[in-house]
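> Quick one: the structure is below, questions incoming.
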Amino acid sequence: MTEKVKRVVLAYSGGLDTSVILKWLQEHYGCEVVTFTADLGQGEELEPARKKAEMMGIKPEHIFMDDLREEFVRDFVFPMMRANALYEGQYLLGTSIARPLIAKRQIEIARQVGADAVAHGATGKGNDQIRFELGYYALAPDIKVIAPWREWDLNSRSKLIAYAESRQIAVPKDKRGESPFSVDSNLLHTSSEGKILEDPWQEVPDYVYSRTVNPEDAPNTPEIITIDFERGDAIAINGEALSPAELLTKLNELGRKHGIGRLDLVENRYIGMKSRGMYETPGGTILIQAHRGIEQLTLDGGAMHLKDELMPRYAELIYNGFWYSPEREMLQAAIDHSQARVSGTVRLKLYKGSVNVIGRKSPNSLYSEKVVTFEDDAGAYNQQDAAGFIKLNALRLRLLGERNAKGL
């Protein structure tokens, strides 16, 4: 028997899945539905989502549409960039990092309207169900969570489309007149999954890409830019101070123009299976390269190496949905502490899909040209000191070698 629910807050995009879920919640639970649509910079008009919700019987006062772009970049993307976070060495976590913010705002709305449940449109095969629900429970331990994909019998795209058509819910088509790929988009990235991409041997067709030009078609002339950093966060491009969301938007424009940030990836989902996705992260790809460039100049070597050791664990926590966990917060505190003097300017070259650091400077630089020079260093470094350093580090290896020579 279905548990009684009076009012539910649905994370609503206005797309096919969440529109079907909205109708299903009304029919299956007989409850009042409140919709929440987050503007995370996905680049789509949000008003169609409002109109669609109204057409499906949602009261205007129960339709929430929030511009979260600045909060998204400032409080979620930038902290992650301070860590140089990459899941499995490649993925910039564009979908993963958006879910904690959506969950946070959903819970806030649920409290505001007196809802006793929240709902999402993530499937029972993916990571997003975990990310959303770990966020819900961390912020509202007693909230009821409705995950329709784990409850209903609409277990395929064809059944979902049939349900939609039977209830006059518009079924979107892509530019080829076909049902679209599974797409997630925000200010940091766009991901595409499903259909032909489910065969990992098939090359991603060019028509799938939406955020970047083909690198082969990018300008034949490189573009040189500078990014200014303060305490680990980017604050300006080419000397122009920008807000976090404005800065990432500008980097996205530059990355799009030069075909930067495409990634074809087979990844290990937390749920246990492998999946293949196509990611476009133009601005984020530029930003992480620039951040590493300024760290190379300003971060102590031991601190940098420790940070690099911690990064995979930090990235895994975000990927798996543990943004609100104490261990993520502990790692974040250490990472943020490391950024106290990570300030300065990085110069980069953008060209046909590549981004390369070609210069960096900082008032906090640990780089000493006087010490490292191949020319006369005027006594800044005594090369004879290296002999004792090497002997001490070789001691255990010499003892091991002596034992091996005895055949022991």
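Note that Cβ sites are derived from N, Cα and C of the backbone, with glycine treated the same way.
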> Report the candidate from Gly121, Gly124, Gly126 that shares the ATP site with Ala11, Tyr12, Ser13, Gly14, Gly15, Leu16, Asp17, Thr18, Ser19, Ala38, as recorded in Swiss-Prot.
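Same ATP site in Swiss-Prot: Gly121.
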> For the L-citrulline site that Swiss-Prot assigns to Tyr91, Ser96, Asn127, Arg131, Ser191, Glu267, Tyr279, which of Ser182, Ser243 is also named?
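So the L-citrulline site in Swiss-Prot includes Tyr91, Ser96, Asn127, Arg131, Ser191, Glu267, Tyr279 plus, from the candidates Ser182, Ser243, Ser182.
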> Return one of helix, strand or coil for Glu267 (L-citrulline binding site), based on DSSP.
strand
> Tell me which of the binding-site residues Tyr91, Tyr279 sits in the most Cβ-dense spot, judged by other Cβ atoms within 10 Å.
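The residue with the densest Cβ neighbourhood is Tyr279.
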> Taking only the Cα atoms, work out how far Glu267 (L-citrulline binding site) lies from Asp17 (ATP binding site), in Å, as a whole number.
24
> By the DSSP assignment reduced to helix, strand and coil, which category contains Asp17 (ATP binding site)?
helix
> Look up Ser182 (L-citrulline binding site) in the DSSP assignment and report helix, strand or coil.
strand
> Taking the Cβ of Thr123 (L-aspartate binding site) as centre, how many other Cβ atoms lie within 10 Å?
17
